[in-house]
Amino acid sequence: MAKSVAIGIDLGTTYSCVGVFQHGKVEIIANDQGNRTTPSSVAFTDTERLIGDAAKNQVALNPQNTVFDAKRLIGRKFGDPVVQGDMKHWPFRVINDGDKPKVQVSYKGETKGFYPEEISSMVLTKMKEIAEGYLGHPVSNAVITVPAYFNDSQRQATKDAGVIAGLNVLRIINEPTAAAIAYGLDRTGKGERNVLIFDLGGGTFDVSILTIDDGIFEVKATAGDTHLGGEDFDNRLVNHFVEEFKRKHKKDYSQNKRAVRRLRTACERAKRTLSSSTQASLEIDSLFEGIDFYTSITRARFEELCSDLFRSTLEPVEKALRDAKLDKAQIHDLVLVGGSTRIPKVQKLLQDFFNGRDLNKSINPDEAVAYGAAVQAAILMGDKSENVQDLLLLDVAPLSLGLETAGGVMTALIKRNSTIPTKQTQIFTTYSDNQPGVLIQVYEGERAMTRDNNLLGRFELSGIPPAPRGVPQIEVTFDIDANGILNVTATDKSTGKANKITITNDKGRLSKEEIERMVQEAEKYKAEDEIQRERVGAKNALESYAFNMKSVVEDEGLKGKISEADKKKVLDKCQEVISWLDANTLAEKDEFEHKRKELEQVCNPIISGLYQGAGGPGPGGFGAPDLKGGSGSGPTIEEVD
């Protein structure tokens, strides 16, 4: 096996991408369809599980069992208003499991529930397989990216998804920081530059300001919205056309999942068209109750429908500039990342905000994040290529971290935009006389009161010797590692008694046992997928062999060289097999193979006799002419629009 390499995975809301750094450069790896990005979708059918393009391609036929947007659920509570709002747009069911959201689907005739981590792990497994196919050997080490504005629970849940997928997650890094590496890697030696990364993807939005100076990438500030992206623009278009259909045809199909799914696919296509044309047309045959829906939309109308969303991208830009204590004139480069930055209006708003400055479009907005992640993966594996060995990444914590003190006040130990890894210690004391213990409640957020912030976890430090209030000294240490994941320790200085928490037993987190179980299930699903692939392979082989034999004996050129009795024998047996195939499309692999042997026993003696008689070499495996006919023989294709 080759020396161990590590891959970089951009796990996106709508699309994911994987890269590897080898021989001094990054390769973005194409999937089996030849695409360099893969849809972050997983579909469950009566017979199999599909991931990526295969899942997205059948979504109109199977909307309620095709899961996407797991990134909008991961690390969130079921009661989160964001989750509740999103559920209105999703065709699949999300259920409440102890305030953790769970996706419910029908798979192989059974109702199954999956946590967002499991769905994301399936996408990660797919990306891992794409890389393994390209490299030709197993891969286990990976760097996975997350939005810079992801909080602790979202980061931890993403890391868990990697573990379930059988990956050793070397590091979780921020998407804009990864993109900055892609941008700055070949631009060394130009002196210090302040770079603003504007990353607007399918579901999340980040702004990061970095200083790049001779291989040192230092993040100065980060801001964003973990719930803004291309999907939200699609939603506006969908709502617009649902209303238009109501006006024109007096019918409402907003509850018909298949119709809405077909409309959404058309809207996504129209949105992309509007980045290069000023008008796009939608043509959907028999959208609802047999009515064809032919309509069009102009770029101006699209911009008007999304104007508030587009404008809202500038608030994080202002916030990041304030936090970095920079004036907009001090930014040297404005770098666009994420597919949604192709929208002309988004570019214009950013350009106008920076007084007409040119935007830098030199990196591929879809691939930059995976590119940077692949570089970081190589560095963590100790790659000594000259262009990466001196590279240093200094990232920041996106949100302030602290604990609750008397009266529900948030006391921050680590301020937002502190460079990580970092460690801060502070002394606290008791609030009442002879208090036997203290409850340490850890929060993240920017508000003054803890009730407005996000509770990450809590633990008790007990056994404090009786003493008047204010006497005991409790030393609390917050320690953030390079993944942006927090450890908190509390020590009673008088007794040396300590207690610690890695914020992993946050209520939304999966326990070690659950992760173990999911790892085993992931293996099981993978094995089932393999069996299904082999089954289909055996079925197709039998089918093409039967049609092949049929066409060989019916060949006009063989007239007179084969007796009618033999010809009838072969044709009857072929017909019998083809009829059996039609009736048994779900048979097992060995049944298909057994049928093939039966057929070969009839055909082989006749066919080989034929070729010996003709003096020609045997036909070997015959170049199967693909004569797929009849129902059940060969795939039945339906246009998905």
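Just so it is clear, glycine is given a Cβ too, placed from its N, Cα and C backbone atoms.
Feature annotations, courtesy of Swiss-Prot:
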- 614-633: compositional bias 'Gly residues' (COMPBIAS)
- ALA2: N-acetylalanine (MOD_RES)
- LYS77: N6-acetyllysine (MOD_RES)
- LYS108: N6-acetyllysine (MOD_RES)
- LYS246: N6-acetyllysine (MOD_RES)
- LYS348: N6-acetyllysine (MOD_RES)
- ARG469: omega-N-methylarginine (MOD_RES)
- LYS561: N6,N6,N6-trimethyllysine (MOD_RES)
- LYS561: N6,N6-dimethyllysine (MOD_RES)
- SER631: phosphoserine (MOD_RES)
- SER633: phosphoserine (MOD_RES)
- THR636: phosphothreonine (MOD_RES)
- 394-509: region 'Substrate-binding domain (SBD)' (REGION)
- 614-641: region 'Disordered' (REGION)
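For the pair LYS77 (N6-acetyllysine) and LYS108 (N6-acetyllysine), the C-alpha distance works out to 28 angstrom.
Counting in whole angstrom, ARG469 (omega-N-methylarginine) lies 108 from LYS561 (N6,N6,N6-trimethyllysine) by their C-alpha atoms.
Taking the C-alpha atom of LYS561 (N6,N6,N6-trimethyllysine) as reference, the shortest distance to any of the modified residues LYS108, LYS246, LYS348 belongs to LYS108. Neighbours of LYS108 (N6-acetyllysine), defined as other CB atoms within 10 A of its CB across all chains, total 13.
Mapped onto DSSP classes, the region 'Substrate-binding domain (SBD)' (394-509) shows 3 helix, 60 strand, 53 coil.
DSSP assigns LYS246 (N6-acetyllysine) to a helix.
Cα spacing between LYS246 (N6-acetyllysine) and LYS108 (N6-acetyllysine): 37 Å, rounded to the nearest whole number.
Calculated from their C-alpha atoms, the gap between LYS348 (N6-acetyllysine) and LYS108 (N6-acetyllysine) amounts to 49 Å. According to its DSSP assignment, LYS348 (N6-acetyllysine) is helical. Between the candidate modified residues, LYS77, LYS246, LYS348, ARG469, LYS561, the densest Cβ environment within 10 Å is the one around LYS77. DSSP classifies LYS77 (N6-acetyllysine) as coil under the three-state reduction.
LYS561 (N6,N6,N6-trimethyllysine) falls within neither a helix nor a strand when secondary structure is assigned with DSSP, and so counts as coil.
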